Amino acid sequence: MIIRSPEPEVKILVDRDPVKTSFEEWARPGHFSRTIAKGPETTTWIWNLHADAHDFDSHTSDLEEISRKVFSAHFGQLSIIFLWLSGMYFHGARFSNYEAWLSDPTHIGPSAQVVWPIVGQEILNGDVGGGFRGIQITSGFFQIWRASGITSELQLYCTAIGALVFAGLMLFAGWFHYHKAAPKLAWFQDVESMLNHHLAGLLGLGSLSWAGHQVHVSLPINQFLDAGVDPKEIPLPHEFILNRDLLAQLYPSFAEGATPFFTLNWSKYAEFLTFRGGLDPVTGGLWLTDIAHHHLAIAILFLIAGHMYRTNWGIGHGLKDILEAHKGPFTGQGHKGLYEILTTSWHAQLSLNLAMLGSLTIVVAHHMYSMPPYPYLAIDYGTQLSLFTHHMWIGGFLIVGAAAHAAIFMVRDYDPTTRYNDLLDRVLRHRDAIISHLNWACIFLGFHSFGLYIHNDTMSALGRPQDMFSDTAIQLQPIFAQWVQNTHALAPGATAPGATTSTSLTWGGGDLIAVGGKVALLPIPLGTADFLVHHIHAFTIHVTVLILLKGVLFARSSRLIPDKANLGFRFPCDGPGRGGTCQVSAWDHVFLGLFWMYNAISVVIFHFSWKMQSDVWGSISDQGVVTHITGGNFAQSSITINGWLRDFLWAQASQVIQSYGSSLSAYGLFFLGAHFVWAFSLMFLFSGRGYWQELIESIVWAHNKLKVAPATQPRALSIVQGRAVGVTHYLLGGIATTWAFFLARIIAVG
């Protein structure tokens, strides 16, 4: 650690009134670009307007100005998020059965949307129990509201109004920090101060406030709710906060206040800061006292982490020093120069953040079902399936975004003259080895994983079940996964002596937990069927990575096109007269990567949906007999391609296909409509620009004949635009089809 002399106290970090607020400017489409601001000559203008409106790099090359625009746009984004949240809470307050659900969450479904009768749409208002008719929601809001101690619709109203106020504040902040007091570039590049605020402030104090809220408000209210007290009889949140005796009745150690904390007698707090593990048998969720303890611990960690870096006081680590000291045996100059890259290229910074956040989102998807955090979440199968699917898709998109911005960084921000023999340079120098090895891995995984299925389909067709790979014939048990499960199941009392239960029931060993006659969670068995589909996961993930990584590593140059960097991030082909150079731009790799990402995530959510219905979700009789939704058919049916088509896609589509005339009929229409949107994409993906230009010209001729030709000349979409429209409809159509299929099925049978 280097101790430097303290820097001068006051730095002026903002410019006052740098950009005047002008409504005339806002009213002029394309004011950010000289060409676009001239107005439309051809229909391509509207596409360029949309493509470049938020591409701040194309407006100016001044990094400070770009940074200010991005910063201001973030406030706009936060404003939209607050507005959306406000809408969710408002629906809970105005149109929902939240109070009824709170009184009986096992028999009443959550609903926060009631359809108005105009021409018969009121059929969509299904009976969700307790005499309430509405659309069943699967977002998990009811469960999170209960966990946070909300007991009335009035509280939801107040929160909704609060969120609206915050949305307004964010809009104001976005305007203020661009037009009135805009930060200087030095402020955006002061990473140590940023770490201090983000780690200690956002994550540290944020977690601490949440832990405080949980201890003082959520825990006592949930204890009353679990005991069956009527929500209207429970004291209001502020009474718990202001009146310590009220809490001391539930948790006697509260009477001692902060004394145990300062006398280091912390075990006194073990009543409400627990380390139980497992699930609460009443609600089927994690113990809320465990969650409070967790957030307190996280807060301490991040408060410490936020104070490790050198800010105005001359003590602590400098990030540049840390990075430059980081040299491995094979990495040459190591991370030298990385500090400069990450403080001058926001694309590089964003790429890292997207990769991390995308991975984290996928981790969240897997924990939401294996360690369900909110009360009664585990028995709401529709919500469980929705949350898993949602977080998987979001994670997939964020990871593709990481590759996109890494490639933009390579094209726009990377300076090969100043980067010599550092980590990135070394990776680029042996990119051929990386890509060819990855390609080999993809071929190996593809042939072997698919080959196992094809073998099974063939043996099945020939009537030779004894020659199939299955749990009852030739076993391919996932022994490593089973070993991991077993290690975790046996951890309490062994490798984790402090824990009473393993982290998740899914590991095995423990009993099942049932709430209101429905299975919340039980040990999940893994067998040959899972071994097969996991290798399909490995295959699709590796192909996605191959496409995206090739796009990044060859973004600036390749043997085929040595001067690729000059052509930019997106271009259709390397100019006229050079055949075989189409689909080589970095943008095209993102385009192709999106399809494989869609492929990969689809297999994951199909696997999850079927596995849970077959081996986990179901009802339990008074005698303790579990009946699963699809009766455990996953292990024998999913080992052939035909089984996936017949027993998953076809068998489980019956609910969405037969939904007409029921409250689920909207899903039937979405299922049809989204198939149409998906098919529509193929028109853009399978036809060339020339075909459409030719067609347009004869249509324009007809308009001229009738003297109704427009002043703006119609043009066919460019090649890149056509691909963009195509992939968008492909993904949206595919995702909405899956959504309708999943929800109609799980709401009908779950």
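The first residue you see is number 1, and the count goes up from there.
Including glycine, each Cβ sits where the backbone N, Cα and C put it.
Feature annotation from Swiss-Prot assigns [4Fe-4S] cluster binding site to CYS573, CYS582; the stated evidence is sequence analysis. Sequence annotations record features per position, and here Swiss-Prot assigns chlorophyll a' binding site to HIS675. Among the features that Swiss-Prot reports, chlorophyll a binding site is placed at MET683, TYR691. Positions annotated as phylloquinone binding site by Swiss-Prot, on the basis of sequence analysis: TRP692. Residues annotated as transmembrane segment in Swiss-Prot: 70-93, 156-179, 195-219, 291-309, 346-369, 385-411, 433-455, 531-549, 589-610, 664-686, 724-744.
On the structure: features taken from Swiss-Prot.
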{"residue": "CYS573", "record": "[4Fe-4S] cluster binding site", "contacts (Cβ under 8 Å, 6+ apart)": "THR581, CYS582, VAL584, ILE719"}
{"residue": "HIS675", "record": "chlorophyll a' binding site", "contacts (Cβ under 8 Å, 6+ apart)": "GLY733, THR737"}
{"residue": "MET683", "record": "chlorophyll a binding site", "contacts (Cβ under 8 Å, 6+ apart)": "GLY726"}
{"residue": "TYR691", "record": "chlorophyll a binding site", "contacts (Cβ under 8 Å, 6+ apart)": "none"}
{"residue": "TRP692", "record": "phylloquinone binding site", "contacts (Cβ under 8 Å, 6+ apart)": "ALA716, LEU717"}
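Among residues of the same chain six or more beyond the transmembrane segment (385-411), those with a C-beta under 8 A of the stretch's C-beta atoms are 138-140, 341, 345, 347-348, 350-355, 357-362, 364-366, 368-369, 544, 548-549, 551-552, 555-556, 565, 568-569, 586-587, 589-590, 593-594, 597-598, 600-601, 604-605, 608-609, 612, 735, 738-739, 742-743, 746, 750.
Counting residues 6+ beyond its ends, the transmembrane segment (70-93) has Cβ neighbours under 8 Å at 54, 56, 112-113, 139, 141-142, 145, 153-154, 156-157, 159-161, 163-164, 166-168, 170-171, 173-175, 177-178, 183, 188, 346 in the same chain. For the recorded site, HIS675 (chlorophyll a' binding site), the DSSP three-state label reads helix. Residues of the same chain lying 6 or more positions beyond the ends of the transmembrane segment (156-179) and with a Cβ under 8 Å from any Cβ of it are 17-21, 68-69, 71-76, 78-80, 82-83, 85-87, 89-90, 92-94, 98, 145, 150. Cβ atoms under 8 Å from those of the transmembrane segment (724-744) belong to residues 138, 382, 385-386, 389, 393, 591, 594-595, 598, 602, 605, 609, 652-653, 655-656, 659, 664, 667-668, 670-671, 673-685, 717 of the same chain, restricted to positions at least 6 beyond its ends. Taking the Cβ of CYS582 ([4Fe-4S] cluster binding site) as centre and 10 Å as the limit, one finds 13 other Cβ atoms among all the protein chains shown.
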